[in-house]
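J.: This structure is in structure tokens; I'll ask about it shortly.
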Amino acid sequence: MYCASVCPHQCMEVLSDLNQTPGKSQKTALHHHDAGTDTGFTTKRNKMKPKQTMATEKAVEVLELEAKSILNLTHKIGEDFDQMVDEICNASGRVIISGIGKSGLIGRKIVATLSSTGTNAMFLHPVEAMHGDLGMVSPKDVFIAISNSGETGELNLLLPSIRDLGCIMIAFTGNPNSTMAGFCSLIIDTGVEKEACPLGLAPTCSTTAQLAMGDALAVVLIHKKQFRKSDFKRSHPGGALGKRLSFPVGEIMYTSRDIPRVPPEAPLPRAVAQMDKFRLGAVFVLDHQNALEGILTDGDIRHLIAMNPDTFTQLYTKEVMTENPCVITADAPLYQALNIMEKRQITILPVTDAARRVVGILHLHDILGKGAFTFSS
């Protein structure tokens, strides 16, 4: 057992409730603490809905219409989308995206998203392509043309040359019967019922749909290529996360004095008390030489309370701990620690020396700059 982390303070409350009321059922105790406690927070549903003005009413109409446009795309995802993903994954070249006007701006955004998440992509302006930039395109590339109408003159003039190069050609369009679609072997339908613009002129819902489809493509490729946070070290070397992931573990780990610890023979309530005191989501089980024998997380505690509500307090740490947990050394880079955490689906990592003596503890939130150790400016 090595469960996801949750607040150990609630575990202590439940344990206390169980001890104070012998025979009290697990269901009753958990219900008391889940439903009967005033959190002190005011939820939105408790607030009065503000009076809407003409401006807010229209804004809500636009958002609802654009949301509906995106939702309707879910019914248009099919074999062509699957094949597009396969073509991009199998291509030895780049993804080239082209468009004019607002569709071109959406294309640039999709290129940026693909490039930052592990897919080699480039934007090609149709007019510049006809004046020399076409030389940057190779037969190994996958070409995506974006146009809601599919009848954009400058873009369609480029398509015969792309076809002659032998590229895989894909259309993002709201008109599957358009001239542009006729040049492409794969059609991704991004059509919408109407634009949010009352004049029906400014691209609104259509560009939102194009962008959403591009995001869907990028996220699917993240899964297919198994792109991980640690890969940001390569694609975001100037970003805060990229810089941070090159740091050694020892720079941000909690030191030995901040480590919750118990011996193997400690009663389970003592382990819970240590966990609640340090609030790191876990307690390490150490022998008399400070060597790591196991780990117990707050998720483990919740599971144990649920499965053993009447005998929980009688258990010993060594009986329920996870033996030989994953560890890392203080001189290892943070991206290596992040890889381990992602692979094992854990948020806490013990830091040990060569003899498996614990020297620190690393939390996922601190790697990402959301914990005690924040990003530097």
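The backbone N, Cα and C atoms fix where each Cβ goes, and this holds for glycine too.
Just so you know, TrEMBL annotations never went through curation; they're auto-generated.
Sharing the record's features from TrEMBL:
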REGION    22-47  region 'Disordered'
DOMAIN    84-227  domain 'SIS'
SITE      K102  site 'Catalytically relevant'
BINDING   H125  Zn(2+) binding site
SITE      E154  site 'Catalytically relevant'
SITE      E195  site 'Catalytically relevant'
SITE      H236  site 'Catalytically relevant'
DOMAIN    253-311  domain 'CBS'
DOMAIN    321-377  domain 'CBS'
J.: How does the domain 'CBS' (321-377) divide up by DSSP, counting helix, then strand, then coil residues?
T.: 15 helix, 16 strand, 26 coil
J.: So if I measure Cβ to Cβ from E154 (site 'Catalytically relevant') and keep only same-chain residues at least 6 apart in sequence, which ones fall under 8 Å?
T.: I100, P126, V127, M130
J.: Three-state secondary structure of H125 (Zn(2+) binding site) from DSSP?
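T.: In three-state terms, H125 (Zn(2+) binding site) counts as coil.
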J.: In whole Å, how far is E195 (site 'Catalytically relevant') from K102 (site 'Catalytically relevant') when you measure between their Cα atoms?
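T.: It is 13 Å, counting Cα to Cα.
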J.: Near E195 (site 'Catalytically relevant'), how many other Cβ atoms are within 10 Å of its Cβ?
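T.: Its Cβ has 21 other Cβ atoms within 10 Å.
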J.: In sequence order, what residues of the same chain, 6+ apart, have a Cβ less than 8 Å from the Cβ of H125 (Zn(2+) binding site)?
T.: S98, I100, G104, D133
J.: Would you count the other CB atoms within 10 A of the CB of K102 (site 'Catalytically relevant'), including those on all shown protein chains?
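T.: The answer is 16 other Cβ atoms.
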